[in-house]
Structure formats: structure tokens, C-alpha cells
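S.K.: What TrEMBL shows for this protein is this:
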DOMAIN    13-332  domain 'Ammonium transporter AmtB-like'
REGION    368-402  region 'Disordered'
TRANSMEM  20-39  transmembrane segment
TRANSMEM  48-67  transmembrane segment
TRANSMEM  79-103  transmembrane segment
TRANSMEM  115-135  transmembrane segment
TRANSMEM  147-168  transmembrane segment
TRANSMEM  180-199  transmembrane segment
TRANSMEM  205-225  transmembrane segment
TRANSMEM  237-257  transmembrane segment
TRANSMEM  277-303  transmembrane segment
Amino acid sequence: MKVWGAPSVGSPLIPALLYSFYQMMFCAVTGALTVGAVAERGRVVPSMVFIFFWATLVYCPLAYWVWNPNGWGFVNGVLDYAGGVPVEIGSGMSAFAYSWVLGRRNEKMMMNFRPHNISLITLGTMFLWFGWLGFNGGSSFGANLRAVMACWNSCLTAMFAAMTWCVLDFRLARKWSMVGWCSGTISGLVAATPASGFLDPWASIILGVVAGVACNFATKIKFLVRIDDSLDVFAEHGVGGIVGLIFNAFFARGSIIGLDGVNTGATGGFMDGNYVIIGWQIAAIVAASAYAFVMSAIIAKIIDFIPGLKLRASEEAELLGMDDDQHGEFSYDYVEVRRDFLAWSPHRGEPAEDGDVLEPTHGIQEHQSMMNPSESDDVRKTPSLNTPDVVAPDAVINEKHA
């Protein structure tokens with residue numbers, strides 16, 4: 001009990017037991033971010049085994065480097081307020097490695113993986129934003145002005161990153177994307193994670209704009225290297241964390257660091273005359289990125305060779321869907337509503353004859369074509385709407401009225 005109640009490494013004001021619980025939650029969140037790479041093709045049990053070894057062999061060393069007084073990053077003055085190295089770079093590079101080991105999703109089914117509930121994406125982003133204030137504000141380990149400044153900076157960075165992302169998307173689609181707003185918000189919060197406890201508010205605004213641009217364009221990298229990072233964990237978390245760490249080298253202020261009343265020996269960046277810090281920040285970024293990617297790939301490869309722990313689901317399971325194959329449950333347990341107009345219209349726009357019944361196929365033949373690639377492309381492109389084998393429910397039968 002004396003050890004549990006002793007002052008923690010993070011702050012003499014926080015007992016070790018509370019500090020360890022707080023850091024455990026950091027590790028759990030980072031693991032959840034990493035397994036976003038397995039979406040729609042990865043099996044659950046192997047991913048759980050991966051996270052266990054990943055937390056021990058990847059996350060803990062990264063956290064030790066920058067947060068423990070004996071870590072080489074901490075000793076050399078690396079500035080990482082709330083987890084740019086272990087949380088953001090750790091999750092981004094590990095997700096990229098896991099995606100590389102898993103391989104790409106079935107190209108024929110990519111249209112099925114579009115965002116299907118924008119309302120839930122928006123609601124989830126709002127919850128994340130609220131929770132992130134505890135994530136960043138709590139990293140000052142006390143109810144002090146530095147915690148308040150971290151919350152202010154987090155909100156400013158998120159707002160300007162979201163607006164920047166939306167503008168970049170608007171230039172292409174001429175639409176104000178809600179998914180783009182959510183992606184930009186997350187990118188801003190990620191960039192604020194290593195930086196929010198070091199910057200002045202005006203610098204956080206600049207950070208938001210830069211993070212929005214960098215993370216938006218980083219989403220294109222996965223197409224160049226052919227790595228299917230389905231949730232853009234690398235682009236938003238990996239790149240966002242890197243941007244925040246680099247900003248610390250230029251804009252970190254000792255006056256902001258001292259707002260918590262705890263002297264850890266940390267100094268500011270270029271604005272305080274500390275010109276050496278940029279080298280150590282880059283060293284931390286390179287070392288963490290390389291270590292997280294290589295170690296995660298090795299762990300995933302080893303697990304994949306163990307009988308019964310193959311990481312990727314079978315092709316039939318992917319076609320069925322991970323919800324059904326891995327959990328036996330569905331988020332939406334009803335027939336898919338097709339977006340394409342032809343599925344709900346007379347074949348090629350031809351009017352029906354008297355007494356004919358027009359039956360929407362709901363993509364049935366497309367899925368059959370995926371299972372049987374030998375079928376002609378014409379069948380997949382123009383499915384018949386009067387297939388005798390397809391029986392539509394009475395509610396969707398259209399009869400021509402006289």
C-alpha cells in the first residue's frame with residue numbers, strides 16, 4: 001500500500017496507483033486504434049493476441065522513452081505532452097504494419113465499405129472530442145492552468161483542422177462533407193495530443209491548419225504503397241502525431257510548461273532559444289516510427305504462422321461480413337437498400353407490360369457474381385429485374401395499374 005500511495009513518476013501530486021490506471025487507459029485506447037486496421041477482413045481472436053504482445057513489446061518501450069525519467073527521449077528533452085510518440089505514432093505505424101501483413105480487402109467489394117451511417121460517425125466524433133479534453137487536459141496531472149490551456153489548445157486545433165479538411169474536400173467535390181469534418185476534427189485532436197500543453201493559443205490555430213492539410217493529403221499515401229489502412233489510422237494518427245511533435249520544436253514555450261507548478265526540467269523550443277530540440281524531436285519521430293512498424297509487423301507475422309491464429313478471415317467470411325462471421329450479430333439486420341437507381345427501376349427504363357411484376361434484385365446477382373467470377377461482366381453490370389428465381393416480398397412488388 002505504501003508503494004501504491006507513493007508519488008508517481010508523472011507528478012508528485014498524483015499517487016502511483018492512480019497514475020498507473022490512467023496510463024493503462026492510454027495503452028488500451030492505443031490498442032483499439034491499432035486494430036482499426038483489421039476492418040472487414042481480420043479475425044477477432046488473433047487480433048486480441050496481437051494486442052497483448054504489442055502492448056508489451058511496442059507501446060511500453062515507446063512510453064518509457066519519452067515519459068520515464070530514465071528514457072533516452074526524456075533525458076534529452078524530447079517534448080511529448082500527452083502521447084505523440086507512444087499513442088499516435090505507435091498506433092499509426094502499427095496499424096500500417098498490420099494492414100500490410102493482412103493484405104488488401106477484396107477489390108470487388110470495396111463499394112460495400114463506404115461510410116454507411118454518417119449520423120453515428122458524427123456522434124462518435126462529438127464523444128471523442130469531449131473525451132479528448134480529459135485525455136489532453138488530464139495529462140497535466142492536476143486542476144491547474146496548464147490543464148485549462150491544454151483544453152483550449154485542443155479545441156482550437158480541432159476546429160481549424162476540421163475547417164481546413166472541409167475546404168480541401170470542397171475543392172474536389174463542391175460539397176461540404178460531414179465525414180471530412182469528422183476526419184479533420186480527429187486529425188486536429190491528434191496533433192494537439194503531443195503539443196497542447198506546450199503551445200500558446202495562436203500557435204494552436206496554425207497547428208490546426210497544418211495538421212488538416214498534412215493529414216488530408218496523407219490519406220493518399222495508402223493508395224501509392226498499396227496498403228489497405230481502411231480507417232486511415234496512419235494518415236490521421238501517425239501523421240497527425242508527427243506534425244504535433246515537430247511543432248513542439250518550434251513553438252513550445254517554457255511559460256506554458258510552468259503553468260502546472262511542477263518542474264520536470266522541460267524547456268521550450270525555438271521561441272525560447274532551444275535550437276537543439278528539433279534534432280531530438282526528429283530522432284524520436286524516426287526511432288518510434290521504425291520501431292513500431294518493424295516490431296508490429298514481426299509480431300503479426302509470427303502470430304499468423306501459429307495454427308488456429310491466422311490473422312485474416314477466409315474469402316467466404318469476408319463476403320458474408322465480419323459481423324456475421326465473427327460475432328453472429330448485425331448492426332442493421334435487414335435487407336440492404338441499394339443506392340443505384342436501376343435496382344429499383346424497370347430494366348433499361350422499359351415500361352412493364354400489363355400484368356408484369358417488376359422485382360428489385362437488391363444486388364443479389366452482384367453477390368453471386370462475386371462468388372462465381374466466371375460469370376460474364378454483362379450479367380454483373382445489368383442484372384435482370386425479372387429473374388424467376390428471385391421472389392420479392394409483397395411490400396416491394398409494383399403492379400402496373402390500368
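Placed from the backbone N, Cα and C atoms, the Cβ positions cover glycine too.
Please treat TrEMBL annotations as automatic predictions, because they have not gone through curation.
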S.K.: Can we call the transmembrane segment (147-168) and the transmembrane segment (20-39) in contact, meaning three or more C-beta pairs below 8 angstroms at a sequence separation of 6+?
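M.R.: Output no: the transmembrane segment (147-168) is apart from the transmembrane segment (20-39).
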S.K.: Same-chain Cβ contacts of the transmembrane segment (48-67) under 8 Å, 6 or more residues past its ends?
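M.R.: For the transmembrane segment (48-67), the far contacts come to 9-10, 23, 26-27, 30-31, 34-35, 73-74, 78, 80, 83, 85-86, 89-90, 94, 98, 284, 287-288, 291-292, 295-296, 299-300, 303, 309, 311.
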S.K.: For the transmembrane segment (180-199), which partner among 20-39, 205-225, 237-257, 277-303 gives the most CB pairs under 8 Å?
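M.R.: It is 237-257 that shares the most Cβ pairs under 8 Å with the transmembrane segment (180-199).
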S.K.: Go through the chain and flag residues at least 6 beyond the ends of the transmembrane segment (237-257) whose CB is under 8 A from any CB in it; none is fine as an answer.
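M.R.: Same-chain contacts beyond the ends: 33, 79-81, 83-85, 87-89, 91-93, 95-96, 146, 149, 186-188, 190-195, 197-200, 203, 206-207, 210-211, 214-215, 218, 264, 266-272, 277-278, 281-282, 284-285, 289.
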S.K.: Do any residues, 6 or more residues outside the transmembrane segment (277-303), come within under 8 Å Cβ-to-Cβ of it, and if so which ones?
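M.R.: Non-local partners: 34, 46, 49-50, 53-54, 57-58, 61-62, 65-66, 73, 76-80, 85-86, 89-90, 92-94, 96-98, 100-102, 238, 242, 245-246, 248-250, 252, 267, 269-270, 309, 311.
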